[in-house]
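Trainee: So TrEMBL says this about it:
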| type | residues | note |
| --- | --- | --- |
| REGION | 1-29 | region 'Disordered' |
| COMPBIAS | 15-24 | compositional bias 'Basic and acidic residues' |
| DOMAIN | 56-122 | domain 'HMA' |
| DOMAIN | 138-204 | domain 'HMA' |
| TRANSMEM | 300-319 | transmembrane segment |
| TRANSMEM | 331-356 | transmembrane segment |
| TRANSMEM | 377-399 | transmembrane segment |
| TRANSMEM | 560-583 | transmembrane segment |
| TRANSMEM | 603-626 | transmembrane segment |
| TRANSMEM | 954-976 | transmembrane segment |
| TRANSMEM | 982-1003 | transmembrane segment |
Amino acid sequence: MAPSVRDLQLTPVSGDRKPAKVVDAEDSGDLEDVRLLDSYEEEEREKEDVVEEGMRRIHVRISGMTCAACSNSIEAALVGVNGVVRASVALLQNKADVVFDPKLVKDEDIKNAIEDAGFDAEILPESSMFRSKAQGTLSGQFRIGGMTCAACVNSVEGILRNLPGVKRAVVALATSLGEVDYDPTVIGKDDIVNAIEDAGFEAALVQSSEQDKILLGVAGISSEMDVQLLDGILRNLKGVRQFLFDQMLAELEVLFDPEVIGSRSIVDGIEEGSKGKFKVHVRNPYTTMTMNDVEESSKMFRLFTTSLFLSIPVFLIRVVCPRIPLLYSLLLWRCGPFLMGDWLKLVLVSLVQFVVGKRFYIAAGRALRNGSTNMDVLVALGTSASYFYSVGALLYGAVTGFWSPTYFETSSMLITFVLLGKYLETLAKGKTSDAIKKLVELSPATAMLLVKDAGGRCIGEREIDALLIQPGDTLKVLPGSKVPADGVVEWGSSYVDESMVTGESSPILKEVNSLVIGGTMNLHGALHIQATKVGSNTVLSQIICLVETAQMSKAPIQKFADFVASIFVPTVVSLALLTLLGWYICGALGAYPEEWLPENGNYFVFALMFSISVVVIACPCALGLATPTAVMVATGVGANNGVLIKGGDALERAQKVNYVVFDKTGTLTQGKATVTTAKVFTGMDRGDFLTLVASAEASSYFSTSLKIVASSEHPLARAIVEYARHFHFFNEPSAAKDAQNLSKESKFSGWLLDVSEFSALPGRGVQCFIHGKMVLVGNRKLLTESGVTIPTEVESFLVELEESAKTGILVTYNDILIGVLGVADPLKREAAVVVEGLKKMGVRPVMVTGDNWRTAQAVAKEVGIEDVRAEVMPAGKADVIRSFQKDGSVVAMVGDGINDSPALAVADIGMAIGAGTDIAIEAADYVLMRNSLEDVITAIDLSRKTFFRIRLNYVFAMAYNVIAIPVAAGVFFPLVRIRLPPWVAGACMALSSVSVVCSSLLLRRYKRPRLTTILEITIE
């Protein structure tokens, strides 16, 4: 089903704008596409081969999950089904991966178990588990205006989730954004926008996951003739499906077939077709969001200044003018039924109440219409009570001649202070998203494209918009400029500063065939790079996406604020009524003296002022902002430090960590194995021995199949081949150069022997045949299973190696043990300090490895780890983590994200270290982009400081309401004779939410612990 024309509209056209011009250029099928932001599907494919024999695996799409608690409850429900072997629920993908025995349980039983847990489930058919993108669920990001507190968020989320075709909806108060996953065959983007607007909020699409659409800004259109010219140009461009031009905003949205035409070709076609009259540039959605933030704060500032300008005269009439006889006499001049002063106050306050304060009535009305209440209801209620009482007092005085005091200034000053608070809150909230803005700014606006002829020779240069770069483009990067896209160096050499993306502090040398990351800074020489990843596929874009996703997610602690928000306003209104009735009845019964009453006042007015103060001083906003603002700042700070956090739930779990489980190879060690010893125990020549073992390991090293089965063995295979090559060709100048390019087979491969029937044995070694005789290269387990006896002399030598933290590799030829290789993998220099720091933080470090016990214990002793699990197969690491979780402990797993994926997924917090450019590791909750163990400390420390700040925010927000409401209600008035005027109460309310946001902003000052201070960290 093709989307309607409405699906194309990014910017609604209304009011006095000229109608947008919509054209169907070609009939098309499914115009929308899915942009996968992580490698979930790829990793799932890799995991297919770990399903036990006789078991069945299915994927289930789950709707309704909002946090880790949901996924945990689903996992518990699935694991509780008899016959289910294991179940894993991916919150961000809304999918469950279930392995079960088909003899004991059916697909429908799995679905029923999830639905019984309170969620919607849909079994994905085999053919659609990895179906084409065009048939998948789209993700759209919408800007939602008018939300003021957690009650508004709950209302919008409820509306979105009830829409047909919507799979998931998450709304973030701090960013004023909503993220909606929906089926484009059931509902369109415009339908979602209309649903939000029907609920009384403002809505606009920010960006969608479809890739065959581009939003352009067009300059140079000044008349209807120009519009018709643009129309004709687009009609003649092959591959353009539909387009929409908004003349008011000068925005052009184009849907096109990416297999027929590219975005750059569209821009070039428009500019060439207009003979240079039209200047076209790509609109960046993040720039649009920033402009919207500035517009929102500007609008709030205008409202505040208008209200202040109108309220100051009212305040002066009430407080200052009575002390100036001339002015006071003018105010006492009767004009009709009222005094001149009353007329002035009535007119000025009416403008504030119903023109400036209209937004509060609109927001309160939509909240009540949706069956919820929020802060706007309290403001509208409090100001209306003051305003209409004052109007009533004037009318009553005009009729009866008995003039009661009016309180117009209460209404106007209250609205003024609330708007001031909202303006300050908008500014503060804008600063919480500074991290994303800085990341967006890393990408250069333009790029220098090298134009080549058909023969591949460079014939010129042209500057293009960086958003128009296409895969395969050759780009020129000058010294001091930023790399515009991910790619490979084709020519030149230079040092590149990648600290702003990966966190690596030292510049990195880039030569031919080196990978470069978009957004990094070229420091010295010029480079020619070939773009390989552009748009949403770049590392920088995926980092931004991960940070956005984390900021959109809700930490489980947020549920507390959501619950309080649901009952807060009704509770406050009830307390206000009790305050009104209590003071009025007590006064009527003579429970307090008349001296307490204001001049010319009565018991009702006295009670009403207390009641209004209660209504306006209560602040649900502070509670609603306590968690999301802190999570936003923390995720941004983490990204700036090379620590990517995938959600608020992960951030919350990390501060409770009891155990940190380290993989050994590549995590505690550098992952750069080198052969230190080679000993032959037979009469075989040393060179022949090394040739034999190198031939076997070279088959492992250059085998594509091994990359999947035993990627952890590659460092050892590489080390052995390098050692043997160096032995034979140490005096060849080209040998060293060849060793630097390990992705290609050595030019010296002629010295290697022919190998047949090669097979890799995960966790054991390799087996093959050379000259018709079997060769084994591996550990004790491999030889024992093959029936090869290890002589005492060899065993003693092996023990000596292992006790010195080296791995012993045994080599047999024709069932005879012929020699041993000793391989060492140096520890990372910070490993021991990090382990000691974790202990000081109250976290117990554990090491798990597939290596033998002696080597494992030697390494653990060197770094200070006491709990060691050795000779553990890759799949067994998950069982080790489960053993720690049995008593309720929170376990973090630190690994490389490749062979450790099962363990990372099982752990409460999975940390993928040294991810570099591979930041989309599905199994990890934290992605540590640098290869430094210090970031493990940073991740835990940041989490603890964030939740300390969140708790502090909650304490402040709760304490404010607990103390302020009784003060406003006059509980302490009989003792201290101090009454809180409503406008002062409004000022307190406005500043309370600002204070919470500013408290969260203090996290921006976070500095990750240095190695010199880690040992001083103690449990908070």
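The backbone N, Cα and C atoms fix where each Cβ goes, glycine too.
Automatic prediction, not curation, is the source of TrEMBL annotations.
Just tell me what is around each of these and how deep it sits.
Mentor: The average pLDDT computed for the domain 'HMA' (56-122) is 77.
Listed by sequence, the residues of this chain that lie at least six past the ends of the transmembrane segment (377-399) yet keep a Cβ under 8 A from its Cβ atoms are 337-338, 342, 345-346, 349-350, 353, 357, 360-361, 363-364, 367-368, 405-408, 410-411, 414-415, 418, 569, 572-573, 605, 608, 611-612, 615-616, 618, 620, 982, 986.
Note on the transmembrane segment (954-976): residues 560-561, 572, 575, 579, 583, 592, 596, 610, 613-614, 616-619, 622-623, 626, 985, 988-989, 992, 995-996, 999 of its chain, located 6 or more positions outside it, place their CB under 8 angstroms from a CB of the stretch.
For the transmembrane segment (982-1003), the residues of the chain that approach it from at least six positions outside its boundaries are 379, 382, 386, 407, 409-410, 413-415, 417-422, 424-425, 428-429, 431-432, 609, 612-614, 616-619, 621-622, 625-626, 629-630, 632-634, 637, 945-946, 949, 952-953, 956-957, 960, 964, 968, judged by C-beta separation under 8 angstroms.
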Trainee: Take the transmembrane segment (603-626) and find every residue of the same chain, 6 or more past its ends, with a Cβ under 8 Å from one of its Cβ atoms.
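Mentor: That would be 148-151, 153, 173-174, 374-375, 378-379, 381-383, 385-386, 389, 404-405, 407, 410, 414, 418, 425, 429, 561, 564-565, 568-569, 572-573, 575-577, 579-584, 587-588, 596-597, 950, 953-954, 956-958, 960-961, 964-965, 967-970, 973, 979-982, 985-986, 988-989, 992-993, 995-997, 1000.
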Trainee: State the residues, same chain only, that lie 6 or more residues beyond the ends of the transmembrane segment (560-583) and have a CB under 8 A from a CB inside it; answer 'none' if no residue qualifies.
Mentor: 149-151, 153-154, 372-375, 377-378, 381, 603, 606-608, 610-612, 614-615, 618, 620, 623-624, 626-627, 954, 965, 969-970
Trainee: What are the DSSP helix, strand and coil residue counts for the domain 'HMA' (138-204)?
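Mentor: Looking at the domain 'HMA' (138-204) with DSSP, the answer is 22 helix, 24 strand, 21 coil.
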